[in-house]
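Visitor: According to Swiss-Prot, the substrate binding site annotation covers 8-15, 21-22, 60, 87-90, 98, 114-115, 183-184. Marked as active site, tele-phosphohistidine intermediate by Swiss-Prot on the basis of sequence analysis: 9. Per Swiss-Prot, the feature active site, proton donor/acceptor maps to 87. Summarising the annotation, Swiss-Prot assigns site 'Transition state stabilizer' to 182 and lists sequence analysis as the type of evidence.
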């Protein structure tokens with residue numbers, strides 16, 4: 001049996017302000033730092049050790065991972081960072097308030113943009129400073145691969161090949177793996193692992209900063225999965241994620 005640990009980054013400053021973030025590189029909030037520390041302490045308490053870690057190219061995921069590894073006393077392990085684990089790109093919605101956007105376009109429309117499988121938000125023009133072609137961290141990535149907007153289907157199309165080619169390979173070699181990423185890149189991975197339908201993934205709420213453990217068989221099929229921590233706290237965190245994008 002293999003184990004895989006997934007962690008959505010701790011609350012970011014834009015999570016706190018209820019803004020669409022996507023590929024915008026924002027820092028963790030104070031609460032997010034505390035969530036990452038708690039995640040590290042939970043993993044330490046349960047005796048977790050890791051050989052290799054994976055993360056995105058965004059600070060909030062990197063910082064969450066670094067804090068967790070520091071709490072574990074495992075900052076020395078190899079870390080691979082890739083744009084393929086970045087959050088889903090929210091196009092022209094990036095930087096907008098979710099509740100205000102719901103008031104303007106309607107909750108149903110915003111829910112479709114946020115959670116539908118194959119409907120992306122309005123795209124960013126390449127002249128927009130928010131477009132990834134303007135960001136030096138992506139200068140070595142072919143321009144045609146950099147999104148102007150994404151739906152979950154698009155996110156899956158970049159996450160799953162990386163899972164197959166890189167992450168799964170390390171697990172099958174017997175390495176203990178932790179992945180620190182984002183709500184939608186992790187939803188993409190969970191959909192694949194659990195073979196969720198497009199309808200079921202719409203209802204999937206992954207809370208910030210709470211370790212999600214997968215136990216996998218020899219073929220990397222899930223045996224079971226579970227969150228570490230207090231059940232009531234986990235439930236409230238999931239409800240908080242589900243409530244984003246609603247009128248308040």
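Placed from the backbone N, Cα and C atoms, the Cβ positions cover glycine too.
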Visitor: Between residue 22 (substrate binding site) and the residue listed as 'active site, proton donor/acceptor', find the distance joining the two CA atoms and give it rounded to the nearest Å.
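Guide: One finds 5 Å between the Cα atoms of these residues.
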Visitor: Within its own chain, what residues at least 6 apart in sequence put their Cβ under 8 Å from the Cβ of residue 88 (substrate binding site), listed in sequence order?
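Guide: Non-local contacts for residue 88 (substrate binding site): 22, 150, 151, 152, 154, 155, 182, 183, 184, 185.
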Visitor: Going by DSSP, is residue 182 (site 'Transition state stabilizer') sitting in a helix, a strand, or coil?
Guide: coil
Visitor: Please report the number of other Cβ atoms within 10 Å of the Cβ of the residue listed as 'active site, proton donor/acceptor'.
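Guide: There are 26 such Cβ atoms around the residue listed as 'active site, proton donor/acceptor'.
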Visitor: Using DSSP and collapsing to three states, where does residue 22 (substrate binding site) fall: helix, strand or coil?
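Guide: Where residue 22 (substrate binding site) sits, the three-state DSSP reduction gives coil.
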Visitor: Using other CB atoms within 10 angstroms as the count, which residue among the recorded positions 9, 98 scores least?
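Guide: Candidates: the recorded positions 9, 98. Fewest Cβ atoms within 10 Å: 98.
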